[in-house]
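Participant: Grabbed the feature section from Swiss-Prot, which reads as follows:
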- HIS403: active site (ACT_SITE)
- GLU273, 356-359, 407-414, 439-440, ASN447: ATP binding site (BINDING)
- 325-460: domain 'Fido' (DOMAIN)
- THR351: O-AMP-threonine (MOD_RES)
- THR475: O-AMP-threonine (MOD_RES)
- 482-507: region 'Disordered' (REGION)
- 146-179: repeat 'TPR 1' (REPEAT)
- 269-274: motif 'Inhibitory (S/T)XXXE(G/N) motif' (MOTIF)
- GLU273: site 'Important for autoinhibition of adenylyltransferase activity' (SITE)
- 40-56: transmembrane segment (TRANSMEM)
Amino acid sequence: MSVRRRTHSDDFSFRLERTRRPSKLDVLRESPTLPVQQGYSLTTVVLVSLVVTLVCQNVAPPAFSYLNQLIKNSPKRKIPGQSNRLNIGFISTNSPEKFAPAVQKPTFLVDPIYDEKWKGVHTAVPVMTTEPEEKRDNNHAKVKEAILAAKAASRSRRDGNLERAVTIMEHAMALAPNNPQILIEMGQIREMHNELVEADQCYVKALAYDPGNSEALVLRARTNPLVSAIDRKMLKTVHDLRNEFAHLQHSTALRRMMRETYFLYVYHTVAIEGNTLSLGQTRAILESGMVIPGKSIREHNEVIGMDAALRFLNCSLLSKEHHEISIDDILEMHRRVLGNADPVEAGKIRTTQVYVGKFTPVAPEYVLEQLADMVDWLNDESTMAMDPIERAAIAHYKLVLVHPFTDGNGRTARLLLNLIMMRSGFPPVILPVETRAEYYASLHVANLGDLRPFVRYVAKHSEASIQRYIGAMKTSSGNVINGEEPNLTAEESKVSEKIETECRAGS
């Protein structure tokens with residue numbers, strides 16, 4: 001009998017048999033039969049679901065709120081090796097240590113932000129603007145280019161090439177109109193052209209943006225007395241024309257010119273505010289009540305309201321015995337200005353905050369107080385002793401600055417200006433719509449602290465208004481000198497009689 005030799009494969013099979021995991025079939029064969037477990041009933045499942053829902057709705061939220069409150073009020077501890085993910089305030093340049101809560105707030109989402117310590121904390125500086133970085137870089141590049149252009153213009157100015165200097169500075173002013181260095185160089189070029197008023201304005205504007213600029217202070221001290229003398233001479237010229245106007249013969253030609261000025265004033269004062277009616281259309285509305293096709297009802301009502309306000313000024317305010325101006329006078333003018341366009345807000349001080357471009361007037365709770373201060377200033381003895389042109393211009397500016405109404409502030413301010421001027425013997429001042437940009441620019445300069453440009457603007461157009469009357473009287477007809485007067489048309493006579501009748505009834 002042969003005996004088979006044991007091989008390595010037999011050993012491997014033996015080990016595999018010993019280490020093999022029992023299969024499910026082997027377990028079933030060896031283990032006794034177990035009873036099958038029965039499932040839960042439907043009633044039990046429903047009851048458990050209701051209990052879980054009630055717990056989630058009533059117990060879980062207060063528990064999480066309490067936990068969040070504990071985390072919020074927990075003491076803070078320093079973690080030298082960590083940095084805050086959000087840094088709301090200015091970045092500290094002294095200490096690199098950051099603060100983190102002692103108990104971390106639990107989160108149910110994976111934070112996708114990789115939190116790495118910022119290595120530039122010691123060299124950081126606060127960012128003082130909210131402009132986009134691209135815009136800041138663009139503005140910085142413009143200012144840099146403007147300064148280089150100003151240096152080139154300065155070299156041309158010293159070499160005597162003023163034309164080239166002016167051309168370069170116009171480019172620099174277009175790039176950085178508010179830069180003090182640019183304004184100072186532009187002022188020096190204006191001064192060399194003997195444009196002292198414009199040069200002084202450049203120095204004043206430079207000081208508004210940089211009050212401590214020594215070069216601007218020295219240059220302003222040189223031009224200020226010269227410009228003051230120019231302003232006094234200009235005001236004296238206007239007063240001399242006013243005296244000449246006062247001695248004009250009250251003829252039919254003068255009355256006709258007054259009627260034309262009336263229509264011109266209504267047209268220009270509403271056109272400055274954006275009204276698109278032409279002078280002929282404005283006149284047609286006032287004379288015949290015609291409705292202009294293609295124009296809004298509001299534009300018609302603005303013209304009618306200004307007509308009512310002018311009649312109130314001519315027939316009531318100018319006939320008052322005392323020359324004091326009250327808050328009620330201003331409110332009554334405004335009530336007529338907006339009486340047809342916006343009767344709800346007409347004659348009422350605003351109760352909401354308004355915004356005029358980049359300018360923000362006073363809050364509504366201070367409007368009445370500011371308006372009372374303005375009226376007290378108007379009626380003060382020292383103010384009454386001022387030049388009427390200066391007083392009227394400053395009163396206009398103060399009313400616009402307070403901005404007491406939601407709409408119609410500019411029209412009411414121009415009525416107040418003319419009320420003061422006409423009480424001093426001046427004819428109505430027309431501020432043309434063609435000079436709208438100059439009008440608002442001079443008011444902007446007044447916001448920077450210099451009222452003289454706006455006073456000059458009012459004086460210039462007051463002189464133009466008087467010259468219009470004098471020129472009309474001199475060129476209308478030679479019959480006025482001989483005592484003969486041209487006859488009015490039937491329509492002109494009818495309108496003049498209507499205005500005079502209304503004035504007598506109002507007084």
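The backbone N, Cα and C atoms fix where each Cβ goes, glycine too.
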Participant: Listed recorded positions are THR351, HIS403, THR475; which of them have CA atoms within 10 A of the CA of GLY410 (ATP binding site)?
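Facilitator: Neighbours among recorded positions, in sequence order: HIS403.
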Participant: Which value does the mean pLDDT take for the repeat 'TPR 1' (146-179) in this predicted structure?
Facilitator: 89
Participant: Let me spell it out: for each of the recorded positions (THR351, THR412, THR475), count the other Cβ atoms within 10 Å of that residue's Cβ, using every protein chain shown. Which one has the most?
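Facilitator: The most densely surrounded of these recorded positions is THR412.
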Participant: Under a three-state reading of DSSP, tell me whether TYR440 (ATP binding site) is helix, strand or coil.
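Facilitator: For TYR440 (ATP binding site) - judged by DSSP and reduced to three states - the answer is helix.
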Participant: Where else in the chain does the transmembrane segment (40-56) make close Cβ contacts, counting only residues six or more beyond its ends and a cut-off under 8 Å?
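Facilitator: Residues packing against the transmembrane segment (40-56) from afar: none.
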Participant: Using a 10 Å radius around each Cβ and all protein chains in view, which of these binding-site residues has the most neighbours: GLY408, GLY410?
Facilitator: GLY408
Participant: Through the lens of DSSP with three states only, how would you label PHE359 (ATP binding site)?
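Facilitator: The residue in question, PHE359 (ATP binding site), is strand (DSSP, three-state).
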Participant: What is the one among the recorded positions HIS403, ARG414 whose Cβ has the most other Cβ atoms less than or equal to 10 Å away?
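Facilitator: Most Cβ neighbours within 10 Å: ARG414.
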Participant: In whole Å, how far does the CA atom of GLY408 (ATP binding site) lie from that of THR475 (O-AMP-threonine)?
Facilitator: 37
Participant: Quick one: of GLY357, PHE359, which of the binding-site residues has the smallest count of other CB atoms within 10 A?
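Facilitator: With the binding-site residues GLY357, PHE359, fewest surrounding Cβ atoms within 10 Å: GLY357.
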Participant: Using a 10 angstroms cut-off on Cβ to Cβ distances, just flag whichever of GLU273, TYR440 is the loneliest among these binding-site residues.
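Facilitator: Comparing Cβ neighbour counts within 10 Å for the binding-site residues GLU273, TYR440 gives TYR440.
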Participant: Quick check for the class: what is the C-alpha distance, in angstrom and rounded, between THR412 (ATP binding site) and THR351 (O-AMP-threonine)?
Facilitator: 18
Participant: In which DSSP state, out of helix, strand and coil, do we find GLY408 (ATP binding site)?
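Facilitator: For GLY408 (ATP binding site) - judged by DSSP and reduced to three states - the answer is coil.
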Participant: Measure from the Cα of ARG414 (ATP binding site) to the Cα of every one of the recorded positions THR351, HIS403, THR475, then give the nearest.
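Facilitator: Nearest candidate: HIS403.
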